[in-house]
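In what follows, a structure is listed as structure tokens, so that the remarks can point back to it.
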Amino acid sequence: MTVTKPRSVQSRHISRYDWVPAAAGWAVGVIATLSLLASISPLVRWIIKVPREFINSYLFNFPDTSFAWSFVLALLAAALAARKRIAWLLLLTNVVLAAFLNAADIAAGGNTAAQNFGENLGFEVHVVAIVVLVLGYRQFWTKVRRGALFKAAAVLVAGGAIGILVSWGLVDLFPGSLAPHDRLPYVANRVIGFALADPDLFTGRPHVFLNAMFGLFGALALIAATIVLFQSQRADNALTGEDESAIRGLLELYGNSDSLGYFATRRDKSVIFASSGRAAITYRVEIGVCLASGDPVGDPRSWQQAIDAWLRLCQTYGWSPGVMGASSQGAKAYREAGLNALELGDEAILVPADFTLSGPDMRGVRQAVTRARRAGLTVRIRRHRDISGAEMEQTIDRADGWRDTESERGFSMALGRLGDPADTDCLLVEALDPDDLVVAMLSLVPWGTSGVSLDLMRRSPQSPNGTIELMVSELALRAEGLGISRISLNFAMFRSAFEQGAQLGAGPVARLWRWLLVFFSRWWQIETLYRSNQKYQPQWVPRYACYEDARVIPKVGVASVIAEGFLVLPFSRRNKVHTGHHPAVPERLAATGLLHHDGSAPDVSGLRQSAIADGDDPQRRLPEQVRVRLNKLKKLRSSGIDAYPVGEPPTHTVAQAMDADDQASVSVSGRILRVRNYGGVLFAHLRDWSGEIQVLLDNSRLGQGRAADFNAAIDLGDLVEMTGQMGSSKTGTRSLIVRRWRLIGKCLRPLPNKWNGLTDPEARVRTRYVDLAVNAESRTLITARSAVLRSVRETLSAKGFIEVETPILQQVHGGATARPFITHINTYSMDLFLRIAPELYLKRLCVGGVERVFELGRAFRNEGVDFSHNPEFTLLEAYQAHADYRVWIDSCRELIQNAAQAANGAPVAMRPAGGGRLEPVGISGVWAVKTVHDAVSEALGEQIDADTDLATLRRLADAARIPYRAQWDAGAVVLELYEHLVESRTEQPTFYLDFPTSVSPLTRPHRSKPGIAERWDLVAWGVELGTAYSELTDPVEQRLRLEEQSLLAAGGDPEAMQLDEDFLQAMEYAMPPTGGLGMGVDRVVMLITGRSIRETLPFPLAKPH
């Protein structure tokens, strides 16, 4: 999968001279190639002799043989193509010098016509070249990284000196016609002078083979110096202790998301930070590719800043940007910066909570583990900090001894070190044989605070089969005790290709691609890695490679192969310890003094506080008013004031204080809502749950401090304890005359407008705590709800009912036809359902002899959200033995009327009266009772009953434009007609009796009317409030009905009940004749208060922002 970039990477302005670097590089590269071939082959030397001599004499230095000069020109050509400014300067200097020499020869005169032609042509070419180079100056913008120039120069001098001495000795042994006094200058010209001096300056010639040898000695010295310089560039620019310390701090703050984050501390990488210091990218430069390692480290909000800094770095030095192992989130960030993304493969993630050895998919692992255990293997798991130094040395020796390659591989997904004192949080998993000898081991690095990521896997050649499987399984099974919730295993390249190519019906391209991968797996173990991870049934997380454009994909690929260690270049220093000398941390971060030179993690709390002090909170962006209040809190604390002290009960509530006598000493606590300052006198309004009171702070009355102290310390919304005497202000307003006060809770966020409060309904739902603090209506509603719940309990308790609690997590969803919420228990590895009703468990209690029982609790249905529905709601279910559904008509009416009395002070329901007002409507007395069929008949204007056939009902539904499903029976169509034509249009509370049996699977058939169930629904103002049944107690009939429901569930009906065998077994012990009631308490509260369900619930479910 390839993700294309939405915009181009920001680059320099393209000018008409953009071709100059490439042209200059090609020109010099051609001369370098021909010079090399001429130094090797006499035939080539003979073929190009004439043009070579002309170029060498008039245009550019081109000796007959010189390996050293060929090497120099090759470096210069590569640098020119890479737009290196130093290469531009060297070439320009060479051309200017050549032009000067040509001009001098022309001015001197005395030349032949051929020489004049050559010198004039050469001078003209040089002038043109100088003009082009000068005009193309801005195209050579890239720099060269810092390196050990003096060390490289010393190597070059020493190598050149050795080459000169050896060459001098050779020319003394085989002088040819070279004069003795010219031998040392001649070899010096050939070894370190690149044969630039005219051969005519020397007397005689040695053998041409020696000329090649002299140039080779010079080339070897140059190559050695170049290698030293390039290696020093990487080593000098690698991580310093401060860099590593900063990275570790970022990992502790933000390292939970990326399993590869800890590998950013690999010390042969370089790093570049965002200017804020809150994000960084680690990278390595290979063959001109700046290869970033995975995602940026740090705050994702600062990733783009770090990526931009990295891209600018690439542009500065002329590197091609590339990324290895980016996650989906990281690839999106790189894509936003202008790169393309190509899916490389997938990372295998084990979630220990879901891991088990049981099941058919785990058969292979289970058998391998069994074999390993039979061989007597045990597993030991320890943190590196718990391993002694001597034992760690043995561990390192074992890791080196069992490695099947000369050097350690890895870059983006490997740490490259074992047993380092800075890695004490790493985890070591060891397999021990019966003699307690280690036969295999895994080392895993931290992944945030609760994960580990595989770094190293080793096993002895003598370890039994199944050793690795045993270690991985034991780690997953013991993970909870180790505080581990995620385990990152190996990375499988091109995983999707293996899966798609092996699928039935895979196309020829997919099969060919898979065959190629299998073929190359003989050397690179691509398929082996996939198979070794797949058997654990992990979660596969994609990883991506990023690149600038398609033409650099091969270059980025080769750089990745080199960086990962699959291709080891000569003189590679993969096993060397790299310690950089140039810290990359931003000055503002280094200036905090929190970073450590040894690379250990800084004080994270200090790092966070430092960011906050700079106005750059790593956790959140704070509004100005919040920052002002935080600063005030800081000042209070510095003054020794505890803004959040231990509580002391006030002597009075506000309501009690208002009723107290004048001069009575009272203490109240509450929230400050308004403040009026008149200099030495200050008025404030304080509110607690019982009411609001004016408090008066007068300098002459305060026992300690002044009113100005209150004004300076207190903001609107703060919680304050006031102590003083009751009295009145000069205007006669009843007030608390404050003697002393105490801040008991600093409010860090401003309250809404003090006059209007919260007016946005959505804001009131999301911040109910603020709504309750400022809105008296919200407090009235929550009080009314409490009164309704208390009244329901008291009414039922007075009738002899006992309250019970039944399971919310249930193995079978039943008790009602509704779509359930599904969850999962890891311990038993099975799905559970949040109950849609407590009915089946309450009936079990009825079987056990509990004759009057009720439960008032939460139920859950995965259905719509509107003014009368919330997925989580309060449900009352009550059962009375030796009763039927008609008994519950009076009891239900009494429950609701009592609840209205408790909430409103009278048996009334609040109804809209226009203009946003509510008016009470009486609900006392006896309520209407109708049968369902009679009510539907009234609405249709045509009589129907339980015997009306399905065709007639469908005709009536079509006439009334009521939709129905083809698979519905007559009862379901009647129910649909009832819901549309009767329920939605009902005003005063009405009981609708005798529903069709087919839509009441848990209800007893009517005692005298076939096809009718003894059930009623209570409806008021278009809302169903409750339902009651004469419960079905016949276990045989009950089984038949539930089996019908289970068939519907198996057929795909998500609302149909499942077959609860345990419930049916309980029913077979016989349940007495019982009447049952189910009532939606939330809807009763809505009826009584006249408000929607979202207003009456303290915390209704709100859609995420």
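Yeah, the Cβs are placed from backbone N, Cα and C, and that goes for glycine too.
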Of the ranges 186-203, 546-563, 960-977, the one Swiss-Prot annotates as transmembrane segment is 186-203
Distant-in-sequence Cβ neighbours of E1024 (Mg(2+) 1 binding site), under 8 Å, six or more positions away: E983, D1017, L1018, G1080, R1083
Give the helix, strand or coil assignment DSSP yields for D1017 (Mg(2+) 1 binding site). strand
Cβ atoms near D1017 (Mg(2+) 1 binding site) (within 10 Å, other residues, all chains): 21
Would you mind pulling the DSSP three-state label for E1024 (Mg(2+) 1 binding site)? strand
Mind looking up the mean pLDDT for the region 'Phosphatidylglycerol lysyltransferase' (1-603) in the predicted model? 77
